[in-house]
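Please read through the structure below; I'll follow up with questions.
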């Protein structure tokens, strides 16, 4: 295993338009950052300029911070090239290998051709990598590095990692803008950026998983949220709306193009828009525009990924189509009394959900799509609705990243004073949302008419952009609580949302009104003093810790893996096919360029089945069975790892060998209970028995490399089977 060693040294007659809604839910709202007469003054310009300088500076500070941590943890500038490549852990190495492939190709055109018709990533198959994987970012950087005159000044690996770290600056700036738009003060943005950096453990993991897809996509997702927040602001002119919609589309497109899980994130976002629409918080025009941005982004990615069927069969696309279709034909949804409207909303929701699943089922049947079924198996198993022995679902469930959010997360967030204002803001705004929603549902006469002339203004109101961000943090918070890996979608936005609570006008006005002392002077004093006090406290408490963290120096240290990669590069044919664990094979692909039987990109049903078959090397199987499986996959060499064969990281029932035993119907090793239908295996565990060099094993496998961690065996040509002999259980290979 890799270790770190210490180193010395409205367009409808029944719906209100956006201007009406903005006046209705926030009658006192004025354009942010302007004087009372709407004219920009030199003080305003100076104040805004300072805000932009602070935001960009915080973004650059975050970029330098994570880049320094990456350098200090690995001593990246001084280790060998093979060690640098090994440091790209698991699937990160696979993605980076395509960047490396683009650079080594004789020409850009040939590099693209090799990616479109790749036969080295999966043995005995030719696949279109641009269709199967989200690697346009690697292609773009590879082309950019080749055409820019920087080869003499910057190594390719640094161009790659510095680009990823620079996106962290974009991420912080996008969060800065979101909190600034919500609160009307760039001090909220400053607080957001500081919170994001101080809570690095929970907001990002970019410094040790550089090329992970989320590190590319989340900055664009944050930009999209900032664009939505701007689009839903009051007093936005038509030309400004069009510009923001285009920015929203571009951000959504980049987000979808760089992460394979984009459809599930957009589904959650579509549910948020649907909720806002049902609660009468945004106009029909805004709902339609937001939906169309999502649809156009998904369809653009579908085209760029050579008509990837997973996008057409996504729940997000099915839901948006269903929501727009039902909304078009259900005209009187927002009329009538409270009981009538609740009944209509319930019927509307049921119709949309029913049509969503119908469209999705028909699309998947028409496209013969089963590539994403492992996600739904995981969800079913997580909530006890599906089989618990399914290998793919168990592989996810046994990983800590896919478990519940640990409670110590909230301790860390509370330590930086982030959790307290966040929870207070969340609770207060949820109460306000409930009151505003109740008023909207009870007062059907308000639909389509401004508030002017209808009597007194409502004492409690909520802007559309605030409502969106409130529901955003609720929906993604629930997702993060259920699956720890999803917390990175939540915690960054949590910083912006909490900063809005500290600096926002509406919340403090409400509090001051309750104690009958609401004046502009007191409101301004609180909104500007409190964030400064918090920033001073955070500086005093955490600056020494940050300096200590940045002074800790370590060194990459993984001699066994380095030895293995060096041996493969020098002692095996370039076209040799290797079998083994997904994580290790990704490194072999990057470091040696050898052909793989399987890899960590798990979004293909045929590949998942092959991976399960290859993993029989860690199960109770006969040497003939394992040999037949590996030969069917085209393997010439198989690499076995003691860290998997004798795994101790997971408890019993979650070790890889246990998952294989359960899937094969065998009793698990070690003390503990077993289900009554499990039986004793008729063969010993292969990864252990092959080391005995018994005649049955040496006839089919020859050990060619060994160190403390890895054992490499070369497959001998097996004898032809008689017709009556049973073929190994192996998946069918097809050319895609």
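Every residue, even glycine, has its Cβ placed from backbone N, Cα and C.
Straight from TrEMBL, here's the annotation block:
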REGION    1-34  region 'Disordered'
COMPBIAS  1-11  compositional bias 'Basic residues'
TRANSMEM  44-67  transmembrane segment
TRANSMEM  139-162  transmembrane segment
TRANSMEM  169-196  transmembrane segment
TRANSMEM  244-261  transmembrane segment
TRANSMEM  302-325  transmembrane segment
TRANSMEM  345-363  transmembrane segment
TRANSMEM  419-439  transmembrane segment
TRANSMEM  460-482  transmembrane segment
TRANSMEM  488-504  transmembrane segment
TRANSMEM  525-543  transmembrane segment
REGION    717-736  region 'Disordered'
COMPBIAS  724-736  compositional bias 'Basic and acidic residues'
Where, among 139-162, 169-196, 345-363, 460-482, 525-543, do we find the most CB pairs under 8 A to the transmembrane segment (488-504)?
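Comparing 139-162, 169-196, 345-363, 460-482, 525-543: 169-196 has the most Cβ pairs near the transmembrane segment (488-504).
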Could you tell me what the rest of the chain brings near the transmembrane segment (460-482), counting residues at least six beyond its ends with Cβ under 8 Å?
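Same-chain contacts beyond the ends: 18, 21-22, 24-27, 29, 178, 181-182, 225, 228-230, 232-234, 268-269, 271-272, 275-276, 279, 281-282, 286, 382, 404-405, 426, 429-430, 432-433, 435-436, 439, 489-491, 493-494, 496-497, 500, 504, 506, 510.
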Sort out the residues at least 6 away from either end of the transmembrane segment (44-67), same chain, that have Cβ-Cβ distances under 8 Å to it, and list them.
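Non-local partners: 33-35, 161-162, 165-166, 168-173, 176-177, 180, 186, 189-190, 193-194, 196-197, 200, 204, 206-207, 546, 550.
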